[in-house]
Amino acid sequence: MSGSPELQNSSSSGSTGQCLNPAFVHSVAVSEEGILGGLYKVCAVARGDGAVDVVDLEYELAPAKSKGPSRARGSTMSSKTTDLGDGSNNQCQRRRIHLDYSMGGHTAAVSCVAFSAFGEKGKLLVSGGNDASLKVWDWSKGFSPETSSNSELVLDIDVKKKVNWLCTAPTDSDNLIVCDTSKVVKVYNFL
């Protein structure tokens, strides 16, 4: 049947198969060059299961041989430490961060993500969701070799309606512009 999930049998004995249905991706944001002093080139993914993933693009796009020993397919999805492949074996630096409800994140699908254009450009990640909330994350803490902590939820805003889209704008007062399911475009100021 066209359009249906693929079934995979876990054994050849004819037992029931497993249906693979990955989380739907609602939005992707790629950081601009030069954020945080040019240290990172990352991608944020808004997922249908309520999680936000932040991925180190430099690491993911590096040739496989520079990543160190080969890995089983899918084993990096929950990995939070990295072997840089340069012999340093730095266990503090991260290549992926998974931000979910257990860290104060969204309780429903995340509809949009954006890197901040205000403050220290790109340091904050803003996510909006179907749970009618905006989350502001300091994702850089999860990638920093100086800190052992994960990314931090900096701010949680209840907008009362499902968030459809958001963006940030640097002005005299740093703005977060939000479109939700109401008829009003909301502008939040960060001073």
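Backbone N, Cα and C define each Cβ position, glycine as well.
The region 'Disordered' annotation in TrEMBL covers 65-90.
Look at TrEMBL and you will find 73-90 tagged as compositional bias 'Polar residues'.
According to TrEMBL, the feature repeat 'WD' maps to 103-138. According to DSSP, the secondary structure content of the repeat 'WD' (103-138) in residues is 1 helix, 18 strand, 17 coil.
Sequence-distant contacts of the repeat 'WD' (103-138) (same chain, at least 6 residues past either end, Cβ-Cβ under 8 Å): 24, 26-29, 31-32, 34-36, 40, 44-52, 54, 150-170, 174-176, 178, 180, 188, 190.
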